[in-house]
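To keep things clear, I will list the structure first and then write my remarks on it.
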Amino acid sequence: MSAQSPGMPGQAAGTEAAPPSAARGGPVSHALTRVARLHRIAAGRMLRSAGLYPGQEVVMMLLWDRGPVRQSELIKMTELDPSTVTKMLQRLEQSGYVRRSPDPADRRAVLVEAAESSCALHTQVSQAWSGLEEQTLTGLDAADRAELTRLLARIEENFCAEAANCPDGPGTCQT
């Protein structure tokens with residue numbers, strides 16, 4: 001019985017299937033797409049035990065670190081569609097993890113903040129991300145990990161430069 005590749009059902013680990021014909025001119029882009037999909041699936045598995053869907057943990061991280069923010073600002077920070085953020089916040093609010101209230105400075109705006117009950121969730125999310133990091137980097141030594149981080153930052157810079165929206169370096173793309 002051969003080990004299965006996580007990306008291609010029925011494919012033995014260590015073998016590469018030819019990319020789709022339209023992706024042959026972009027093997028790195030094809031690989032990034034596959035890895036991002038698998039990373040999101042793994043994140044979903046790890047977050048499920050905390051009762052979260054992928055993406056909700058990012059919203060919670062922002063709220064834990066920044067405190068109360070306007071919903072419109074949260075939409076900008078996450079770079080997600082407003083309807084997606086609204087649905088996430090509804091679910092998080094129903095779970096008791098966030099609170100929404102009118103902004104005292106502008107009653108038309110809504111403030112969103114992490115609820116006290118989300119403190120235990122912080123630990124679960126942190127553990128999930130640590131586990132995801134370990135799974136992602138298994139088999140890479142410290143030098144490989146540093147090089148991968150450097151290369152991914154460079155790729156991010158390329159996208160930011162193309163969009164002309166990365167004033168503060170990697171990890172700070174603004175839309």
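Including glycine, each Cβ sits where the backbone N, Cα and C put it.
Keep in mind that TrEMBL annotations are predicted by a computer and have not been checked by a curator.
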Per TrEMBL, the range holding region 'Disordered', considering 1-27, 82-108: 1-27
Residue distribution over DSSP helix, strand and coil in the domain 'HTH marR-type' (25-157): 92 helix, 17 strand, 24 coil
